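Notes follow the structure.
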Amino acid sequence: MEMKGKEKRNKYACACSIVASMISLLLGYDTGVMSGAMLFIKEDLKISDVQVEVLAGILNLCALIGSLTAGRASDWIGRRYTIVLASVIFFIGALLMGLAPSYAILITGRCVAGVGVGYALMIAPVYSAEISSPSFRGFLTSMPEICISLGILLGYISNYLFAKLPLMYGWRTMLGIGAVPSLMLAVGILAMPESPRWLVMQGRLKEAQEVMLKVSNSEDEAELRFQEIKTAAGIDHESELPKRPTGEGVWKELLLRPPPPVRRILIAGIGIHFFEHATGIEPVVLYSPRIFKMAGIQSKNKLLIATIGVGVTKTLFIFVATFLIDKVGRRPLLLTSVGGMIVSLSGLGFGLTMVEHSEEKLIWALALCIACLITFVAFYSIGLGPITWVYSSEIFPMRLRAQGASLGVAVNRVMNGTTSMTFMSLYKAITIGGSFFMFSGIAVLAWFFFFFFCPETRGRSLEEMEEVFSHAWWSTPKPVKKDGHEMELTS
């Protein structure tokens, strides 16, 4: 496929997306820093493996609460102030974790932070999608995933730097410093506009048009996009939409009586979030020090350095993905990504099985485990990781977007929490190698799901998504070129 009518990226829209995506640094940092901090927390607080699992996964289960309420909140107070709310909640949670005198307070702080994470995961990609044009929406909407990866990397580096502090101060500093991005965001949010699509839904058409002029490259483009949004909202060219309660009737249309295109959108949106974590990324990121230790690396310092390598790989390949996602498309990257994950997970399972059943140190098996783990993270980061958030934030119709996206994030957090809280028990039950063979099998199912249920959305405006999903799942109708402002895809 090739693109015509390519547009340049609007710098103002890019800046707004970057600021909004900073909220995702919080989740990334917390995930990355906890992987190393758990080594010190267990030693300092004398907690069991089960308590470690709960500590690892409780954030994601609490994020379920945040994600399920974030959609309604963002329809009520707006996308921008939902980001503010998320940062305030996470700030309180980070302070509690950093000052925690006991395991109970630590868990409480992690639960509070989890609610903020749920808000952040839902609102950042939705805001980015709603201010961007079709030609670079993938780039902007993948910004939150970049920030998550940067946050994970910063968490790993924090582990390495603060590990040298006395035991009781080290892990608390690692966790407490996560409050800093919240303060940065609170300042940056003041310069951001509200989503033009939310403004239209509120009947604030003049404000929406002013924002659209700022995030578009020309007045003609802004007017075209503005008219499309008004049409999707059911507003004719002369009338104003009166302010009305928002978010009402959405769950009924989404879950009880969805029309066929919405049903297909819901299945695709929930499915991609389910498989993102069912394929094992969270155990790899969160327990990478343990995996490296089982593979044969014993020094705690070397374990943390090896884990930083995982963070660097994840961040680097997501950067690559952001520049490919609007050029190559969602489907090719997604299918290639999951195919590579299948091979990498199989190799990791084989290598760990050989190490586990050998009485001698197998250098080749250690090298295979490290190579496959890094390769798995690379393939995940170039496709499934960023595309999950891009895809799920762009496919829902405007009237259903906030709460549809929040439902996807809720599924995401349930799977994240389930895999992170059960991984230690899982590998004790079926061996460490067996657990990664299981993830490989799930990845095979994911590949077929994406092939049959996720059509291409590259170059399509948000208002065209119902049309895309009104056709067969594996085929995509060609976009119509509109006055030179939309991309035309040709096979």
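Every residue number used here counts from 1 along the chain in the order it is shown.
Cβ atoms are placed via backbone N, Cα and C, with glycine included.
Annotated features in TrEMBL:
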type	residues	note
DOMAIN	16-458	domain 'Major facilitator superfamily (MFS) profile'
TRANSMEM	12-30	transmembrane segment
TRANSMEM	50-69	transmembrane segment
TRANSMEM	81-99	transmembrane segment
TRANSMEM	105-127	transmembrane segment
TRANSMEM	139-157	transmembrane segment
TRANSMEM	169-192	transmembrane segment
TRANSMEM	303-325	transmembrane segment
TRANSMEM	331-355	transmembrane segment
TRANSMEM	362-382	transmembrane segment
TRANSMEM	429-453	transmembrane segment
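Only sequence-distant pairs (6 or more apart) were considered; of these, fewer than three Cβ pairs between the transmembrane segment (50-69) and the transmembrane segment (139-157) are under 8 A, so the stretches are not in contact.
Against the transmembrane segment (81-99), the recorded stretches 105-127, 139-157, 331-355, 429-453 differ in Cβ pairs under 8 Å, and the greatest number is found for 105-127. A contact between the transmembrane segment (303-325) and the transmembrane segment (105-127) is absent, since fewer than 3 of their C-beta pairs, 6 or more residues apart, lie under 8 Å. Using a Cβ-Cβ cut-off under 8 Å and counting only residues 6 or more beyond its ends in the same chain, the transmembrane segment (429-453) has close neighbours at 264, 267-268, 271-272, 275, 278-280, 283, 291, 294, 331, 334-335, 338-339, 341-342, 345-346, 348-354, 356, 384, 423, 473-474.
Contacts between the transmembrane segment (12-30) and the transmembrane segment (331-355): absent, as fewer than 3 C-beta pairs lie under 8 angstroms at sequence separation of six or more. Per-residue pLDDT, averaged over the domain 'Major facilitator superfamily (MFS) profile' (16-458), rounds to 84.
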